[in-house]
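Here's the structure, in structure tokens; my notes come after.
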Amino acid sequence: TERPDFCLEPPYTGPCKAAMIRYFYNAKAGFCETFVYGGCRAKSNNFKSAEDCMRTCGGA
């Protein structure tokens, strides 16, 4: 299956200041990594767990 286009987007912290640890798919590396998410205006390449991230974006 093809991965969704949003899996290629860079991580987006957003304008808020909550500093939550989330996961994004790093297309260059081929796996999911953590980033700091501010808590609002999430983009699609933002997952609560590495498992969800890999399930959505890692199985190309």
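Each residue, glycine too, has its Cβ placed from N, Cα and C.
Note that the structure is predicted; figures quoted are calculated from it, not measured.
The disulfide bond feature in Swiss-Prot is assigned to C7-C57, C16-C40, C32-C53. Look at Swiss-Prot and you will find 7-57 tagged as domain 'BPTI/Kunitz inhibitor'.
Put simply, C32 (disulfide bond) is 20 Å from C40 (disulfide bond) when counted between their Cα atoms. Counting residues per DSSP class in helix, strand and coil order gives 10 helix, 15 strand, 26 coil for the domain 'BPTI/Kunitz inhibitor' (7-57).
Each of the disulfide-bonded residues C7, C32, C53, C57 was scored by the number of other CB atoms within 10 A of its CB, and the lowest score belongs to C7. The Cβ neighbour count for C40 (disulfide bond), using a 10 Å radius over every protein chain in view, is 10. Straight-line distance linking the Cα atoms of C16 (disulfide bond) and C53 (disulfide bond), rounded to a whole number, equals 22 Å. Residues belonging to the domain 'BPTI/Kunitz inhibitor' (7-57) score a mean pLDDT of 97 in the model.
Between the CA atoms of C57 (disulfide bond) and C32 (disulfide bond) there is a gap of 8 Å, rounded to the nearest whole number.
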